[in-house]
Structure formats: C-alpha cells, structure tokens
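Per TrEMBL, the features are:
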- A:34-55: transmembrane segment (TRANSMEM)
- A:88-108: transmembrane segment (TRANSMEM)
- A:115-133: transmembrane segment (TRANSMEM)
- A:153-174: transmembrane segment (TRANSMEM)
- A:205-224: transmembrane segment (TRANSMEM)
- A:236-253: transmembrane segment (TRANSMEM)
- A:285-304: transmembrane segment (TRANSMEM)
- A:310-345: region 'Disordered' (REGION)
- A:333-345: compositional bias 'Basic and acidic residues' (COMPBIAS)
Amino acid sequence: MRTLRWEAVLLALCVAVLAYGAATTDGFTEQGNLAFLLLDYSEVALLALALLPIVLTGEIDLSVASTLGFCSALTGTLWEAGLPFETIVPLVLLAGAALGAVNAVLVVYFGLPSLAVTIGTLGLYRGLAYVLLGDRAVTGFPANYRPLATDSIGFLPYATVLVLVVGIGVALLVHVTPVGRSLYAIGLNTQTARFSGIRVDRVKLALFVLSGALAALASLLYTLRYNSARADNANGMELVAVAAVLLGGVSIFGGRGTVLGVATALLAMAGLRNVLFLDDVSNEIQNVITGLLLIVSVLVPVLFKPRRTKDAPLDKSTSDTGGDPGGGRARGLRGDHEGVGRGGG
Amino acid sequence: MVALAACGGTTRGSDAAEGDGGGGNERSANPDAEIQEGLKIAFLPKEIDNPYMTIMDEGGTTAVAETGGEGKAVGPSDASASSQVSYINTLIQQQQDAIVIAANDPNAVAPALKDAMSQDIAVVTVDSDAAKDARHVFVNQASAEEIALTQVELITKQIGGSGKIAILSATPNATNQNAWIAIMEEELKKPEYADIELVATVYGDDDDQKSFQEAQALLRSHPDLKGIVSPTTVGIAAAARYLSSSPYKGKVALTGLGTPNQMRQFVKNGTVTEFALWDPAELGYLAGYAAAALASGQISGAEGETFEAGKLGERTIGADGEVILGPPTVFDAENIDDYDF
C-alpha cells in the first residue's frame with residue numbers, strides 16, 4: 001500500500017516536471033529533445049535495473065559504473081585488435097558477467113559485506129580499464145551499429161526500447177516469479193529466508209552476475225553512442241543509478257521496492273535534469289536540487305509513516321492483518337532479528 | 001583473431017560508410033555579408049571552473065558583445081569525455097546561432113556537434129579540436145613550430161648563447177610537449193646553436209612536487225647547468241619555486257610556458273626574466289569573431305577565406321579549417337601586470 005502511494009507521488013513529480021518543462025521552457029517538448037532526454041538516461045536506467053534486485057536482497061553493487069568503464073575499454077581494445085564487432089558483443093557481455101561473478105564470490109562465498117567488496121571493485125575495475133586503454137580513446141566504431149545507440153523512432157530512441165525490454169524482464173523476474181518473491185524474503189530477513197528453503201547464495205550469485213552483464217550491455221550502448229571507448233566512461237554513474245533506485249522507493253536495507261517506482265524515478269530525474277539544462281541552471285545548482293530531492297525522498301516516507309510499521313510487511317498476509325495486534329508483535333520480533341543479523345554481519 | 005576477422009563480420013576498416021554521417025552540412029560563404037546583430041553564441045568549455053577556460057570564454061563573450069551579439073558560457077563541472085554532450089543538446093534546443101567548444105574528447109562530442117551543424121548552427125572548436133567533420137572552424141593557439149622556436153629563442157638569449165641547458169617536461173607521453181621538444185632538438189642542431197648543449201630531458205609528470213624534485217635533481221647532477229626550459233605551466237612554476245629558494249637564483253636561467261599569475265612573484269624577485277604563453281583571452285576572442293562570421297555566412301570554414309577579428313585584425317582560414325592565433329605572448333617584468341590569468 002505505502003509503496004504504491006510513493007509511486008503515485010513520483011508519478012505526480014514526473015507530471016509536474018514535464019508540465020513545467022512544457023509550459024516554461026522552449027524546445028522541451030520537441031521530439032528531438034524528448035528523444036535526447038530518454039537517450040541520455042538509458043545507461044543509468046540499465047544500471048538502476050541491475051541494482052534493483054540486488055538492493056531488494058539487502059545487498060548493493062557499487063561497481064556497476066566501473067564495470068561499464070572496463071567493458072567499454074575492453075570493447076575498444078578488442079576493436080583495435082581487429083575483432084569483428086559481432087564477436088566483441090558476446091565477449092564483452094561475458095566479461096561483464098565475469099566481473100559480476102567476482103563480486104558474487106567475494107560476497108556470497110567469503111561472506112564479505114557487499115558495500116565493502118563493491119567499493120573495492122569500483123576502484124579495481126576502473127583501474128583495470130586504465131590498464132587496458134590508459135588515457136587513450138578508441139573510436140571509429142561501425143556506422144551500421146552506431147545508429148542503434150543514437151537514433152530514434154519519433155521521440156522513442158532504439159536504446160529506450162532496449163531499456164524497456166530489460167525493464168519488463170526485470171519486472172517479470174521481481175514481481176511474477178517465485179525467485180522474485182524470494183528476493184523480498186531475503187531482504188527482510190536472510191536467516192528466515194534460508195530456513196524456509198530459499199537458496200540465498202545461489203540467488204545472490206545470479207543477481208551479481210546479471211548486474212555485471214547488464215553493466216556490460218550499458219557499456220556497449222555508451223561506447224556506440226559516443227563512438228568513443230575510454231577508461232573513464234561513465235565515471236561516477238553508479239551514484240546516479242543508486243539515487244534513482246532510492247528515489248524509486250526501494251529500501252536500502254532490502255525487502256521493499258518495485259520496478260515501476262524505479263522507472264518513474266528515472267523518468268522524473270531525466271526530465272528534471274533536462275529542464276534544468278535548458279533553463280541554463282548551473283551544474284552546482286543542479287546537484288543541489290537532485291541532492292535535496294533524494295534526501296526528501298528518503299525522509300518523507302520516514303516522517304509520514306506510523307512508527308509501528310517502520311519495517312515493511314513481510315508479505316501480503318501480514319500486511320492484510322496490519323490492524324491485528326498479533327501482526328504488530330510479529331513485526332517487532334522480526335525487527336529484532338534483523339538487528340542481530342546486521343550486527344553479526 | 002585474423003581468422004575471426006576473415007569471417008565477414010564488421011571489423012575496423014571494413015566499414016565503408018565510416019565518417020559519412022556528417023554529410024549535408026556544407027555552409028555557403030558570401031565574403032561581403034555583414035556580421036549580423038543579435039547573434040546568440042554559446043561557449044562550451046572543457047569544464048566550467050577551470051580558470052584558463054574561464055578567461056578564454058570571457059575573451060569570447062567580449063568579442064560577441066563587440067559584434068552586437070549575445071554570448072554566454074555554459075559547461076560541465078567535470079572534464080569527462082561525454083559530459084559536454086548534454087550541453088550541446090541543450091544549445092541545439094535553445095537555437096543558438098553558433099557553438100564554440102573546447103572538446104574534451106574529439107569523438108564523443110562529434111555526433112552531437114554534427115546534429116547541431118545539420119540544424120544550421122555554426123560550430124567552432126577552440127583550444128582542443130573535435131573530429132574535423134564535426135566542426136566548421138578550429139581556432140588553434142599557435143603552431144607547434146612557433147611555440148617551440150619561441151622557447152629556444154628565449155633560453156638562448158637568457159644564457160647568452162652558450163652553455164648547458166635541460167628540459168623539464170610534463171609526462172613522457174604528453175603529445176603536445178613531445179612535439180615541441182622534438183622541434184626544439186631539431187632547431188638546436190643548427191650551427192647558430194653550436195655552443196648550446198641540451199644535457200637532459202626530465203619529466204615532472206605535471207605534478208608540482210615531482211617537478212620541484214626533478215628541478216632540484218637536475219642541478220645536483222649538472223652543477224654547471226646554465227638554463228632550464230619547461231614547456232608546461234606546472235613544471236615552470238615548480239622549477240621557479242625551487243630556484244628562487246636556492247643559491248642558483250638569478251644564475252640559472254628558467255623559461256618556458258607559464259601563466260602570468262603563477263609566475264608573477266618569480267619575475268618580480270628576479271628568478272625568471274621572460275617566459276611565454278598564448279593569451280587564452282585572445283584565443284577565445286578570436287573564436288568569438290570566427291563564430292560570428294560563420295553564423296553570418298561571411299565564411300564557411302574553407303581554406304583561404306578571411307574575416308575581421310576586432311582588435312586582432314584580419315585572419316585567414318588555413319588548411320583543415322584551422323585558424324591560428326599566432327606566436328605566443330612573451331611575458332616579462334614590464335608587461336606581466338597587464339595580464340590576469
């Protein structure tokens with residue numbers, strides 16, 4: 001219920017941004033601009049979609065943008081070596097998945113906190129990208145593929161179609177499949193999830209690998225879009241992706257969040273950025289505005305929610321019995337378990 | 001790899017259509033066209049808070065104001081390859097008459113600049129070029145020759161025409177510096193420089209501390225050194241700081257490329273007599289006039305076309321649409337206070 005309300009707030013924010021842009025800003029509603037608005041956030045959207053399932057389980061992957069950077073540098077290196085682009089695509093996707101697997105092994109099998117692991121690999125993967133390309137740029141990517149990353153049908157870029165397909169895929173995974181339900185269970189309480197037979201390790205492993213592969217996909221898009229493979233590509237983009245996930249109403253502690261929320265947040269952020277750009281608002285002020293928006297987005301749900309339901313309900317049945325005092329007790333207990341779990345980790 | 005490449009996939013070089021994406025943006029030029037009033041010309045620096053870029057853009061907006069136009073500077077806060085692209089899109093939507101950009105990455109900005117050109121926006125690159133087919137005119141600082149030879153002249157004069165000299169450069173693979181050093185070495189082989197011996201070229205990696213230490217090491221290993229040339233603003237400032245606190249102050253000559261603000265105190269205290277750099281304000285100023293001439297249809301970016309550039313006089317477009325500002329400005333105790341950058 002509450003998450004649905006948050007999505008309504010986000011939707012209203014979206015409409016407000018779009019209406020403001022249309023009413024006050026010349027050129028905002030032009031087809032070319034709307035296409036650019038969507039295109040400019042396509043890589044961020046892919047990274048956010050990669051992050052969402054991971055954050056639902058209570059983990060995080062801060063290495064996504066560095067994985068993108070490494071895969072972009074790898075694309076450039078292989079292209080320079082004369083490999084056909086058709087061969088490079090699967091190789092780069094595999095490389096991304098492999099980097100995700102490295103994260104997964106460290107988090108799952110060594111039991112290390114994903115925050116620490118992926119801050120480490122954030123630096124490591126970016127460093128490896130520089131090992132491959134230094135500060136050089138590789139360019140001259142095939143003109144027959146580049147339009148896929150730059151062109152649009154009307155206001156809808158091909159890249160956005162790709163993002164929509166991935167988005168629907170992630171939505172099906174998260175909201176329809178049993179695996180998806182297990183993500184929420186893991187995020188709410190890993191121990192309980194384990195005891196109830198969910199293969200927590202296997203699920204997390206798969207999610208990190210998926211995240212790496214999606215970052216690789218984003219790298220191909222980025223490299224073709226700018227026709228430039230560089231080690232510093234998408235530097236710092238992980239923070240924008242994390243911001244979109246959090247603004248989308250996903251709990252950083254796991255267990256709560258929807259694809260629709262993240263999608264709406266992405267659209268609102270992309271629209272806001274575009275309007276601010278067109279209004280010649282300086283970068284510093286833009287950062288201030290998006291920063292404030294993010295803080296408000298995590299603050300508002302905390303301020304306006306009843307104290308006793310501080311943690312999201314475990315599943316539909318408990319939320320339906322939300323008025324029942326027994327349900328409240330159960331939630332309190334679960335909160336305690338979580339506290340112990342986190343302290344121990 | 002060769003086997004894979006032979007399978008008929010899309011490989012580097014197999015792509016016949018490469019570089020054809022920017023067709024249809026040829027402009028026509030009428031040398032008699034008047035500069036239009038009220039042109040909207042935007043300056044897009046590498047990053048907005050870089051002092052060098054700020055002065056360049058101020059020079060540019062001054063030029064635009066002189067032509068009766070409306071100039072502004074917008075740009076990203078980081079100098080990454082792609083951060084300028086959003087700004088280019090914005091400037092297209094705002095229907096600017098011209099965009100003057102110092103490109104962070106020649107290729108990453110190319111598709112967006114081509115978009116701008118296809119919407120009849122004049123595109124000028126300044127200081128750092130973009131792909132040649134993604135702009136009409138490139139306003140360059142000075143030719144590598146001029147920069148290198150100015151420095152050879154300065155050091156020759158300062159050491160009295162004979163003695164040992166050394167070069168303190170940026171990184172070993174810095175493109176600009178290496179090009180200048182190659183020309184300097186070539187020039188020093190000429191008979192008129194027979195008494196000058198280049199004993200070492202060292203690298204301070206454009207790091208203040210490392211450059212300082214390299215300057216110190218140079219004088220330890222070559223106590224009879226007469227002069228140092230540092231073709232990088234970081235290097236010359238660090239070397240000047242070392243010399244000014246050492247017994248070599250005023251005895252070992254130091255010249256190269258530096259900014260007046262960094263070098264002022266060393267010129268005033270006698271460590272350095274003369275050094276050089278192009279004036280970024282004039283660079284931007286020239287680019288502003290080039291943009292106005294392009295947007296007014298006076299020039300199209302073809303070789304041999306000429307335009308008036310305010311106080312800089314008439315300028316001619318060279319090969320590949322390049323306009324050169326001219327020999328670097330030499331700064332000394334007399335004129336250094338006229339510059340603030």
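Quick reminder: no glycine exception, Cβ is built from N, Cα and C everywhere.
Where the annotation comes from TrEMBL, it is an automatic prediction and has not been curated.
The stretches the transmembrane segment (A:153-174) and the transmembrane segment (A:88-108) do not meet in space: the count of Cβ pairs below 8 angstroms, excluding pairs fewer than 6 apart in sequence, stays at fewer than three. Ranked by number of Cβ pairs under 8 Å to the transmembrane segment (A:236-253), the listed stretches A:88-108, A:115-133, A:205-224, A:285-304 are led by A:285-304. Under the criterion of 3 or more C-beta pairs below 8 Å, with sequence separation of 6 or more, the transmembrane segment (A:88-108) and the transmembrane segment (A:205-224) qualify as touching. A Cβ distance under 8 Å defines the sequence-distant neighbours of the transmembrane segment (A:34-55), meaning residues of its chain 6+ beyond its ends; these are 28, 61, 64-65, 68, 114, 150, 152, 154-157, 159-160, 162-163, 166-167, 170, 173-174, 180, 183, 187, 204, 207-208, 210-211, 214-215, 217-218, 221-222, 225, 234, 237-238, 240-242, 244-245, 248, 250-252, 254, 257, 259, 262-263, 266, 269-271, 273-274.
The list of residues near the transmembrane segment (A:115-133) in space but at least 6 beyond its ends in sequence, with Cβ under 8 angstroms from a Cβ of it, reads 60-63, 65-67, 69-70, 72-74, 76-77, 99, 102-103, 106-107, 229-233, 235, 238. Note on the transmembrane segment (A:205-224): residues 42-43, 46-47, 49-51, 53-54, 57, 59, 61, 64-65, 67-72, 75-76, 89, 92-101, 103-105, 107-108, 141, 145-146, 148-150, 159, 162, 166, 183, 233-234 of its chain, located 6 or more positions outside it, place their CB under 8 angstroms from a CB of the stretch.
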